[in-house]
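Features of the protein shown, as given by Swiss-Prot:
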- Asn156: N-linked glycosylation site (CARBOHYD)
- Asn189: N-linked glycosylation site (CARBOHYD)
- Asn194: N-linked glycosylation site (CARBOHYD)
- Asn351: N-linked glycosylation site (CARBOHYD)
- Asn381: N-linked glycosylation site (CARBOHYD)
- Asn423: N-linked glycosylation site (CARBOHYD)
- Asn474: N-linked glycosylation site (CARBOHYD)
- Ser479: O-palmitoyl serine (LIPID)
- 1-17: signal peptide (SIGNAL)
- 480-502: transmembrane segment (TRANSMEM)
Amino acid sequence: MVRIVVFILLCVRFSAPAEHCNAQMKSGPWRIKSLPIAAPKETLQKDVEIEIVETDLDQNVVIGYKGYYQAYAYNGGSLDPNSRVEETMKTLDVAKEDLLMWGIRQQCEVGEELIDQWGSDSESCFRNMDGRGVWVAGKELVKRQNNNHFAHHTCNRSWRCGVSTAKMYTRLECDDDTDDCKVTILDINGTSINVTENKVLHRDGVSMILKQKSTFSRRTEKVACLLIKDDKADPNSVTREHCLVDNDIFDLSKNTWFCKFNRCIKRRSENVVKQRPHTWRHDRPPKHDEGATATKGDLMHIQEELMYENDLLRMNLELMHAHINKLNNMMHDLIVSVAKVDERLIGNLMNNSVSSTFLSDDTFLLMPCTSPPPHTSNCYNNSIYKEGRWVANTDTSQCIDFNNYKELAIDDDIEFWIPTIGNTSYHESWKDASGWSFIAQQKSNLISTMENTKFGGHTTSLSDIADMAKGELNATLYSFMLGHGFTFVLIVGVILFLVCMLRNRPSHY
């Protein structure tokens, strides 16, 4: 009997592992916690059918202007109340046929320059008021007010004109009910003006007409859209809907036409769009067509792009989080299954020296254990790590030093798709269009010539320095010399007469 007891003790001694667990200090019961898997608020919907209507960003507009300055004067002397200068400054509307011909010839037609027409010639001020017969590439008027012909009328008339085929920006507008679209021209403030190929528009001192009729094209495409649901309680509600069209981002949240510059886009929405955040409300006018200086519309569109990128990033993070939680729950099931065979698995995963004992399929107890210190061999004292356990070992030939181990890659690193900002197209301010620059320049030229000319233009001549009309200085000097010469002769004659009288007087002695 004693031999049997000794044999059992020896077996226990040589078979005991290098670690021991205390069954008296069990804790629990425990159950691995499952992680919640939440669906993202963002949904990426592919193959969304949209309709795109597009026109040219700008159109060729023929712009022309014509006018004249006229001074009809009468010189009756300073004592005559009828002495006056009647000034007329008039801008003429250019007819459609004339404007089209101007555009073809790149010349404008005016009347003959009338310079210092006096006497009967001054009647020219009442003829050829429409300005015909002289073709020029463009000219500015010269202000003349000659009135130096005594007791006569004087006429001066000078013409101005110009023509240019320039670009003006367009805006495409589509009706939400009928889907009819039209192209309008934008003025310097970005406001639509009625410039067509059939009728001349007269405004701002110029006449303008479209060189050819504006056209637009329609096409249907399938694109990808990102749907944002801010209300998790209502899965059918959509707050924003970003669609990627030709590498550009558009907000198509409502079943209406979204028009930006020269393009309109519309989709048939199946979702209920709720009220959007205060900075993005559909009941306010769209901000993408506010073509102010620095193109505010482009800046607003960049903000739309940033919102899209933020929503897309948030969707990717939420999808990743949900997927990781799903993988974690699958890993939990796998750990529970393996831990029923390897009682130290759960402790090793928690980096604690504990052992598990299962009470049911997913409930277990934990007990503290002792572990050998870190080592670089599969042997420790009289134990060997074998088949996932520390067991007794008497054969030292089975010990292996794994200090110089090698790593074996069994999977690849994940490559993420990094989103980038869309290909935003930038637009100049409306007032930067060449057509409005031409109009502004002709106004500047008119102001300059009216300020700097009076008698045909300032030069270095004495008449211009004295601010006198042509011939007026000559007449003044002639009158001055003639008057003073007559006075001189008269005085000399009187003196000679007196001298003669004194000499002929008889002497009395």
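From the backbone N, Cα and C atoms, a Cβ is placed for every residue, glycine too.
Given the structure is predicted, the values throughout are model-derived calculations rather than measurements.
Sequence features, as recorded in Swiss-Prot, placed on the structure.
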| residue | record | CB count, 10 Å |
| --- | --- | --- |
| Asn156 | N-linked glycosylation site | 29 |
| Asn189 | N-linked glycosylation site | 12 |
| Asn194 | N-linked glycosylation site | 9 |
| Asn351 | N-linked glycosylation site | 6 |
| Asn381 | N-linked glycosylation site | 11 |
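Under DSSP, Asn189 (N-linked glycosylation site) is assigned to coil, being neither helix nor strand in the three-state scheme. Reduced to three states, the DSSP call for Asn156 (N-linked glycosylation site) is strand. Each residue contributes its Cα atom, and for Asn351 (N-linked glycosylation site) and Asn381 (N-linked glycosylation site) those atoms are 23 Å apart.
Separating the Cα atoms of Asn156 (N-linked glycosylation site) and Asn189 (N-linked glycosylation site) is a whole-number distance of 38 Å. It is 91 Å from the Cα atom of Asn189 (N-linked glycosylation site) to that of Asn381 (N-linked glycosylation site). The two recorded residues, Asn194 (N-linked glycosylation site) and Asn381 (N-linked glycosylation site), show a Cα separation of 99 Å.
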